[in-house]
Amino acid sequence: MMYHIPGVLSPQDVAHFREQLEQAEWVDGRVTTGAQGAQVKNNQQVDTRSALYAALQNEVLNAVNQHALFFAAALPRTLSTPLFNRYQNNETYGFHVDGAVRSHPQNGWMRTDLSATLFLSDPQSYDGGELVVNDTFGQHRVKLPAGDLVLYPSSSLHCVTPVTRGVRVASFMWIQSMIRDDKKRAMLFELDKNIQSLKSRYGENEEILSLLNLYHNLLREWSEI
């Protein structure tokens, strides 16, 4: 399943990131991809050796970790170190699949269950640059407001279409979920959303408590910690 997570960054946060990224050192984006991806990848990424990068990636992690909807949808166990990319002048990233595992500075290795793109450019400021994701439900074309994030299964073929005008800047990362199976994770998310909706309408009651108990028992049964 694909999920739109709005408002991960405020407009003020987005402006801060854009200002900081204007000062960043950008390198060939192929430095962080494997042989297959390098054949179709043509973009730029912030140099991960810089102090500016270290500060900005930490700010992204803080933002997503504090966002309740992101947590409910992803049920994250491990987040990769966020990266930053930039597309301009017809740069693109052809169809590819993300690697199943990635190295992690604290955990050694992590499994990539979900991929996330956090948009940092106003969609009206550039042409093209759509994230295109192919999954079992068809093809999805994504171009979100700055500050919004999209989550999708890392097993999906996806690409970024050429940016023919302006500049598209984003942060991206991978998530190892506590729930490995996409279908089980989706069921838990739907159950959680409905519990929260019922609580907002009716307050706490025995039926809602029973559903909450069901949610946590399923999470306990299915989670890998």
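Placed from the backbone N, Cα and C atoms, the Cβ positions cover glycine too.
Fe cation binding, as stated in Swiss-Prot, involves H96, D98; the candidate among H4, H16, H140, H158 given for that site is H158. Per DSSP, the secondary structure of the domain 'Fe2OG dioxygenase' (78-177) breaks down as 3 helix, 62 strand, 35 coil.
Here H158 (Fe cation binding site) is positioned 17 angstrom away from R168 (2-oxoglutarate binding site), judged by their C-alpha atoms. Counting every protein chain shown, the number of other Cβ atoms lying within 10 Å of the Cβ of D98 (Fe cation binding site) is 20.
Take the mean position of the Cβ atoms of H96, D98, H158, the recorded Fe cation site; other residues of that chain with a Cβ within 8 Å of it are G37, F95, V97, S115, S154, S156, L157, C159.
The Cβ of H158 (Fe cation binding site) lies under 8 Å from the Cβ of F95, H96, V97, S115, L131, V132, V133, N134, Y152, each of these being in the same chain and 6 or more residues away along the sequence. When other Cβ atoms within 10 Å of the Cβ of R168 (2-oxoglutarate binding site) are tallied across all protein chains shown, the result is 27.
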